[in-house]
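Feature annotation from TrEMBL assigns transmembrane segment to 20-42, 62-86, 98-120, 158-175, 187-205, 243-264.
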Amino acid sequence: MFLAQIDFPNDYTQKQIHRYCYFTVGLVVIVFILAHVIIPRINQVEGYHNYADQRFILGIPFFFNVLSNIPFLLVGILGMHLLWFGKMKEEKIDKIESNLYAAFFFFIFIGGFGSGFYHLDPTNFTLLFDRLPLSATGMSLLSAIIAERISPILARNLFFPLILFSALATCFWGFTESQGAGDIRAYAFVNFLPALFIPITLLFFPKDYSGTKYFVKLVIFFFISRVAETLDKKVFALTFHLISGHTIKHLTLGFAVFQIYLYLKNRQLQSPSLKENALINDNSENV
């Protein structure tokens, strides 16, 4: 039975939750170290930058792969506006939670520019500007969901280490590529963490708000994007060179992150849960 389906006992204190989560972080670090000891170096896929659609239109190389990043810019702007000037500003949302969701949309916005910059001239160097905000996006969303479902204080304490970890892992990949011995293990690991722990947090911790359907849609669009990316050239051929799998990847990922915007805009408070109790406990500890 999921934790979200039962009542937490009164003695299930916030400090116990924090200890459990920090213990989990410690295990993740150990697994990360062991993985690098046991698993041999993993190279980036050969021909990674050789995209199917390389059309040069209106003076823009890889035209559709570049312009298909516009949805990320739009979602980023919409999300930050919602949090700072729209509905979310009027709600009694915890400031830490609000800031973490804002960080998520900020990195989505920056990622749109980073990905566009990369696709103008696809190389390992320009790919670094795509992957840095991308890895930070996943960690920001994980932190925001931890703030919403578990504890804002815990999320705040984890946010900067997670962002730093993702940046170092991405830069490490870039450094190894520059040395002619590319190693993508660390970067793959920091992308795997949010993909694993976001669903776990959503499933096993109580929810305060309606809107679970938006997270389901996010997963569906994310899965479609990965399939489209893998079938880049086949999709381009099947559509008679109309659109490539990589362009579809960008568009479906845009729809995926848009679900977070829709969730925040439309969610309704259901009932007090663990997170509300966490706010009380966290505030009492800081007095």
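Note that Cβ sites are derived from N, Cα and C of the backbone, with glycine treated the same way.
Whatever TrEMBL says is automated annotation, not expert-curated.
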- Task: Return yes if the transmembrane segment (98-120) and the transmembrane segment (243-264) have at least 3 CB pairs under 8 Å (sequence gap of 6 or more), otherwise no.
- Result: yes
- Using a Cβ distance cut-off of under 8 Å, indicate which of 20-42, 62-86, 187-205 has the most pairs with the transmembrane segment (243-264). 62-86
